[in-house]
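Notes follow once the structure below has been shown.
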């Protein structure tokens, strides 16, 4: 091959590499065509107006729950309150994504906070069912004891949270193969969490149906009170919270099944309509119907004291005394 031919070949190769670099180079204006910008993980420019509205609403719910917890008790709902602030932090990072739409760092932190913080909402609902059943003295209408309900489902929530966290961490890898494995692990965690919550919702629905059919007196025990003090108002709040979480969980599972750049993941309206709004309803419903108003702190202290003392009579363990 002559020198001139080699120079020509080198020139063609250089032009090809230059064209390839231009093809994958970040756009000069990231706001011009975000839908086709491969450097923009959202594939759209986050709306500051919607971010401000959602952030303000979720923060207001978190602050309200802090005040209600201080006034009425129910510290066992603390997981939900912490989750409110974690979720609002994730939403707030959308302000940064509006200004820096191609920032991978902001996107990773935003995504993990928004997707993982609802685990705290789910945990609070798990605890609430056990407390409500114990408050009503209706343990027999649950498949297992209230304590086992709480332990079983909170444990499943922690496990699925860890699976999602591990998957989320792997999915942010720059290695395509590792990222694919991470997204699949993340999807598995979401699917398991959805399955667990569906089972929980069925158990709760069964509890209410049996309570209504087999114990009418207990079902109507608060009819002499205003409706907003009736225990059934709290029960209805838990139903509404479960519906909101189920909608969000189904959406997230389908969204991740489509991939990070699927239609659901790259459409802002779906994010607010099927994720943020249902979750907001799931947590905001407890502001007017705070569990501490229905399950007094004094009663919780009495239950705890009973649990600690019921094992002994006159200083002798009950089980041992029966054998004497």
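Cβ from N, Cα, C; glycine included.
Annotated in TrEMBL:
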type	residues	note
SIGNAL	1-20	signal peptide
TRANSMEM	45-69	transmembrane segment
TRANSMEM	76-96	transmembrane segment
TRANSMEM	108-128	transmembrane segment
TRANSMEM	149-166	transmembrane segment
TRANSMEM	186-211	transmembrane segment
TRANSMEM	231-251	transmembrane segment
TRANSMEM	271-289	transmembrane segment
Cβ-based contact of the transmembrane segment (108-128) with the transmembrane segment (45-69), 3 or more pairs under 8 Å | no
Outside the transmembrane segment (186-211), at least 6 residues beyond either end, the same-chain residues with a Cβ under 8 Å of its Cβ set are 119, 122, 125-126, 129, 133, 136, 138, 141-143, 149, 153, 156-157, 159-164, 166-168, 170-171, 218-219, 235, 238-239, 242, 245-246, 249-250, 252-253, 256-257
